[in-house]
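Submitted below is the structure of interest, expressed as structure tokens.
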Amino acid sequence: MASEQTIDGAAAIPSGGGDEPFLGLLDVALLAVLIGGAAFYFLRSRKKEEEPTRSYSIQPTTVCTTSASDNSFIKKLKASGRSLVVFYGSQTGTGEEFAGRLAKEGIRYRLKGMVADPEECDMEELLQLKDIDNSLAVFCLATYGEGDPTDNAMEFYEWITSGDVDLSGLNYAVFGLGNKTYEHYNKVAIYVDKRLEELGANRVFELGLGDDDANIEDDFITWKDRFWPAVCDHFGIEGGGEEVLIRQYRLLEQPDVQPDRIYTGEIARLHSIQNQRPPFDAKNPFLAPIKVNRELHKGGGRSCMHIELSIEGSKMRYDAGDHVAMFPVNDKSLVEKLGQLCNADLDTVFSLINTDTDSSKKHPFPCPTTYRTALTHYLEITAIPRTHILKELAEYCTDEKEKELLRSMASISPEGKEKYQSWIQDACRNIVHILEDIKSCRPPIDHVCELLPRLQPRYYSISSSAKLHPTDVHVTAVLVEYKTPTGRINKGVATTYLKNKQPQGSEEVKVPVFIRKSQFRLPTKPETPIIMVGPGTGLAPFRGFIQERQFLRDEGKTVGESILYFGCRKRSEDYIYESELEEWVKKGTLNLKAAFSRDQGKKVYVQHLLEQDADLIWNVIGENKGHFYICGDAKNMAVDVRNILVKILSTKGNMSEADAVQYIKKMEAQKRYSADVWS
């Protein structure tokens with residue numbers, strides 16, 4: 001994007017009082033030259049670049065994220081002869097990926113498709129979709145947070161919830177993306193599927209539910225491979241044709257692009273790294289200097305970092321309980337290895353261009369750029385590849401046995417699924433590992449870049465209070481590193497990146513960040529008592545809570561009791577923020593309950609301490625209407641804690657188990673029960 005330039009054209013007013021012309025002849029001449037020069041520059045900059053002859057691939061589907069000025073998906077469908085539109089609600093990219101795969105497969109069934117972001121479309125046009133022959137709307141919708149729609153599906157969700165439109169004649173299907181460890185499993189997809197039927201729409205195929213805690217990829221391919229026959233039967237279409245390799249983007253190598261026009265890691269705006277300007281968000285992150293990066297663990301072989309980021313001058317604001325998102329970069333050695341395996345010159349400047357000229361999503365990531373930049377900043381190279389990637393990689397195998405192995409793992413056969421589970425998932429193989437082990441598979445690097453998902457920001461609970469640290473954000477992060485069954489050492493992308501970001505003297509070390517607001521909040525009345533359950537790094541948001549309550553006490557305000565249940569392995573190894581916690585206890589701000597699971601013969605966890613303190617917990621949440629918070633592991637700890645709370649409410653509150661469950665749901669509705677958990 002060329003920077004805008006302005007010319008100060010204010011003329012000096014003559015000091016005399018006569019009726020002289022506002023602009024003299026010389027002024028007019030100079031102005032004409034300036035205007036002419038500006039017009040020449042503008043027209044020249046708008047000229048299309050000449051494209052080298054190296055470009056290839058075809059694509060019958062489009063990713064259509066229409067602009068605000070052209071948000072009619074109906075017009076696009078009609079203009080391009082399409083009848084299938086796949087909407088997605090996605091927070092991390094998986095929903096969008098599934099939508100793209102469905103639209104791409106539609107060509108096999110004579111249904112030309114496009115992918116659409118509901119946030120960028122006029123969703124009231126769903127009423128008109130029935131006017132297109134054999135039309136079908138598919139919704140791939142993730143449930144996010146506390147049973148909420150994703151950011152980009154929020155307006156559609158509100159519209160379908162509050163509206164009372166007649167959707168008779170609309171053919172639809174829904175696939176949901178959720179996680180069974182969370183209470184509101186696939187709530188959004190379940191509701192939308194039911195609501196569309198209530199509004200008169202025709203369900204072409206049953207609701208599909210994907211569980212990210214198990215194998216969402218298997219859930220999706222099992223659903224879609226039953227979905228397509230149902231669609232064919234509904235529309236009277238013959239079965240699918242032969243599967244062919246279809247490329248969505250064509251390669252354009254651009255060796256002559258000026259260096260200042262090449263993306264070097266910017267998320268959206270070119271030169272946004274060098275020229276920072278607010279507001280800062282997911283598309284325009286702030287480069288935050290790291291002020292402190294220190295180790296919290298005292299021993300034990302594991303690492304936990306305390307990081308302090310400066311947000312001074314960013315105009316970003318946060319509250320205790322919010323999240324900070326960081327954009328990591330991939331390990332240089334992995335990037336180099338992938339380049340070698342694909343026989344690529346990583347410093348080649350290129351663009352991947354959508355073959356559908358009607359699509360407003362011209363590139364899968366910022367282009368033009370280099371392969372090195374794309375693999376470092378834009379693509380997820382350490383993730384476990386999904387089956388559709390294996391299917392396309394198989395076409396580049398020269399060894400038939402290796403080709404068959406990849407094809408088998410991409411199939412829906414029981415043997416193929418079992419092989420995918422053991423060889424890919426259990427072995428934690430990423431794209432680099434696969435190409436290392438499948439030695440005859442050497443795909444072109446541009447196709448690899450097309451196939452890999454976008455590198456997503458990593459979210460961390462902020463472990464500080466803006467009352468005490470208004471221009472700093474604190475982060476508490478455990479370094480992820482483990483040995484796989486193949487003997488390789490896998491490392492977490494973000495924590496490895498952060499571990500190496502050590503401030504050195506006067507030289508600033510920066511990371512791109514933005515703030516994400518949360519519903520995880522302290523009570524509006526400081527005198528309200530609270531219970532916090534946060535083992536390990538689950539302590540992070542509660543450190544911010546306690547800082548804030550200490551700050552209020554120091555100001556002379558009345559603050560309710562703050563009870564923290566914290567757990568770790570050993571007091572001598574991973575008791576993080578020990579001195580701070582002990583100091584708050586001494587000052588009377590904190591009532592600390594600590595469980596050290598491996599400091600005695602029988603393991604003790606926070607769950608055990610909660611059971612022992614049944615009277616205290618009932619007093620806080622039952623008799624004094626206090627707030628209850630959980631932060632940490634969703635799959636085990638959070639479930640156990642909730643079950644214990646149900647038991648305490650039943651015994652101490654004289655409730656049935658069903659009433660106790662309803663009591664917790666009522667607390668959730670009142671924002672008195674909050675969870676910040678992950679799996």
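From the backbone N, Cα and C atoms, a Cβ is placed for every residue, glycine too.
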Do you know which of W228, W584, W618, W678 Swiss-Prot groups with R458, Y459, Y460, S461, T476, A477, V478, Y482, G492, V493, A494, T495 in the FAD site?
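So the FAD site in Swiss-Prot includes R458, Y459, Y460, S461, T476, A477, V478, Y482, G492, V493, A494, T495 plus, from the candidates W228, W584, W618, W678, W678.
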Between R302 (NADP(+) binding site) and A142 (FMN binding site), find the distance joining the two CA atoms and give it rounded to the nearest Å.
34
Does K603 (NADP(+) binding site) have same-chain partners at least 6 apart in sequence with Cβ under 8 Å from its own Cβ, and which are they?
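Result: S597.
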For Q607 (NADP(+) binding site), just give me the three-state DSSP call.
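Note: Q607 (NADP(+) binding site) is helical by DSSP.
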Quick one: Cα separation, N179 (FMN binding site) versus Q607 (NADP(+) binding site), in Å?
23
So which of the binding-site residues is most packed in, judged by how many other Cβ atoms lie within 10 Å of its Cβ, out of Y182, Y185, Y605?
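When each Cβ's neighbours within 10 Å are tallied, Y182 leads.
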When you measure from the Cβ of R302 (NADP(+) binding site), how many other Cβ atoms are you left with inside 10 Å?
13
Measuring Cα to Cα, how far is G145 (FMN binding site) from Y605 (NADP(+) binding site) in Å?
26
Can you give me the same-chain residues 6 or more apart in sequence from Q607 (NADP(+) binding site) with a CB-CB distance under 8 Å?
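Once residues fewer than 6 apart are set aside, Q607 (NADP(+) binding site) is near M637, D640, V641, I644.
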For the C-alpha pair, I'd like the distance in angstrom between G93 (FMN binding site) and Y605 (NADP(+) binding site), rounded off.
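About 35 Å separates the two Cα atoms.
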